[in-house]
Amino acid sequence: MMAVMDVGDGDFEEKVMKSEKPVLVDFWAPWCTPCRMVGPIVEELSNMFEGQASFAKVNVDEAPSVAARFGVRSIPTIMIFKSGECVETIVGACPKEYFQNKVENAIGKKDEEKGE
């Protein structure tokens, strides 16, 4: 079972920006009700994509510099980083399948586009 890392101002660079694997970062706060809906989804995805991607949480109250650096103005905000670049930003709570699709795109799991 893969754990979701707690990342802050001091270790964001090392754990996210320098990661060899894509990293999904959940910007959240304990007082944010929609964040409490997204948290379990992130945990679930971390187990689904174990070994293929990393997952991290940033408490915006405890890591204001990271939140400001990436322009996080509302939470939950989910960002997916690949090779030190933000490749996806999702603001607000979404269904698990939506986040799952974005992670699959980041790790290159989708060989062909779905005709939707």
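Glycine residues also receive a Cβ, built from the backbone N, Cα and C atoms like all the rest.
As annotated by TrEMBL, domain 'Thioredoxin' applies to 1-108. Restricting the average to the domain 'Thioredoxin' (1-108) gives a pLDDT of 95.
Under the heading site 'Deprotonates C-terminal active site Cys', TrEMBL lists Asp26. The Cβ neighbour count for Asp26 (site 'Deprotonates C-terminal active site Cys'), using a 10 Å radius and every protein chain shown, is 25.
According to DSSP, Cys32 (active site, nucleophile) is assigned to coil rather than to any helix or strand. For Cys32 (active site, nucleophile), the same-chain residues 6+ apart in sequence whose C-beta sits under 8 angstroms from its C-beta are Ile75, Pro76. Among the features that TrEMBL reports, active site, nucleophile is placed at Cys32 (among others).
Per TrEMBL, the feature disulfide bond maps to Cys32-Cys35.
Taking Cβ-Cβ distances under 8 Å and a sequence gap of 6 or more within the same chain, Thr33 (site 'Contributes to redox potential value') has no neighbours at all. Annotated site 'Contributes to redox potential value' per TrEMBL: Thr33 (among others), in sequence order.
The site 'Contributes to redox potential value' annotation in TrEMBL covers Pro34 (among others).
The active site, nucleophile feature in TrEMBL is assigned to Cys35 (among others).
Between the CA atoms of Cys35 (disulfide bond) and Asp26 (site 'Deprotonates C-terminal active site Cys') there is a gap of 9 Å, rounded to the nearest whole number. Assigned with DSSP, the residues of the domain 'Thioredoxin' (1-108) fall into helix, strand and coil as follows: 40 helix, 27 strand, 41 coil.
With a 10 A radius on its CB, Pro34 (site 'Contributes to redox potential value') counts 14 other CB atoms from all the protein chains.
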